[in-house]
Amino acid sequence: MMQDLRLILIVVGAIAIIALLLHGLWTSRKERSSLFRDRPVKRAKKARDETPLDELDEGVGEVRVKGARSQQNEPSFSSSSFDNASFDNHSAREELRSEATSPFEHLSPASSYDPLLDEATPVDSPRSQVRGDSNPQVVNPRETPIQPSIDTPRESFAYDAPPSAPQQPAAHSLHEKVQPAPAQPQQPAEPVEPVAAKEAVLVLHVVAHQGGVIGGELLLQSLLQAGFQFGEMNIFHRHVNPAGAGPVLFSLANMVKPGSFNVDAMSEFSTPGVSIFMMVPSYGDASQNFKLMLQSAQRIADDVGGVVQDDERRMMTPQKVESYKARIRDVLKANA
């Protein structure tokens, strides 16, 4: 007997627990459905409160709603009506879709309801001012086509500055002014012959063999035998008279700077070479004077064991001798 009573109590307790669980699930589902239904309604109400009706009318077109202020009674809902109705997710979606497609058809504000409370608390909506008849008719904005507005040109465009004249003629005239006159063909200039110098310096060098030097005593004896005399600027000169009288025909200097000699110390003197030079024109016949200078250079080179070189420090050749003679003739011709 006790076991049957215990079994009955266990079954009744299990049924009660299951009933409580089912009741809790049903209650939570109902609350969720109510929240989903009320949320879009509150959003639409808030948007209508923030946007004036005048602005909404302008978006429709030419239709204007005029009328006196009208107040509509807000619908009231009791808890019993919500208890008898069954809401599901499908019905909530259909309500959201219908309200989203026609937001202007619902002019009366919806009431807010909290399913957790026993009684519904109506929320007073702000009064909206409606112009027109007592029974306003609102046209669906999708049914009335919006007339495209064509902007007419304003008067300000009439006062625009006239288009500037094309600048091509001015550019053309400027081009005519800037265009230079055709240059006349220039006649080829006649070749100008080089002007011969009225004087020239002819130079010969007597140098020792490569790596050697010329001793002072040997050089002094050779110079005296060739008719040179020690004179001005501490160098040797060859006069018309070998004894040292008459004008100077050509002179001899040291190749090493300062180019002078010390006759008193010739025994201690040595040099790599000496230079013989003459001015053209000179006293007497310049060609004969050059011939004498060349003979003297060859004699000194033979005495000291050196060689004769031209003004470019090259070995003397017959072609170079003819070049010297041509220079003499050019200078004499320039002074004629």
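Note that Cβ sites are derived from N, Cα and C of the backbone, with glycine treated the same way.
Residues or ranges marked as topological domain 'Periplasmic' by Swiss-Prot on the basis of sequence analysis: 1-6. The DSSP breakdown of the topological domain 'Periplasmic' (1-6) into helical (H, G, I), extended (E, B) and coil residues amounts to 5 helix, 0 strand, 1 coil.
If you look up Swiss-Prot, you'll see 7-27 marked as transmembrane segment, on the strength of sequence analysis.
Feature annotation from Swiss-Prot assigns topological domain 'Cytoplasmic' to 28-336; the stated evidence is sequence analysis.
Residues annotated as compositional bias 'Basic and acidic residues' in Swiss-Prot: 40-51.
The annotation region 'Disordered' is assigned in Swiss-Prot to 40-190.
Feature annotation from Swiss-Prot assigns compositional bias 'Low complexity' to 76-89 (among others).
As annotated by Swiss-Prot, compositional bias 'Polar residues' applies to 126-138.
As annotated by Swiss-Prot, compositional bias 'Low complexity' applies to 179-190 (among others).
Model confidence over the topological domain 'Cytoplasmic' (28-336) stands at 69, taken as the mean pLDDT rounded to a whole number.
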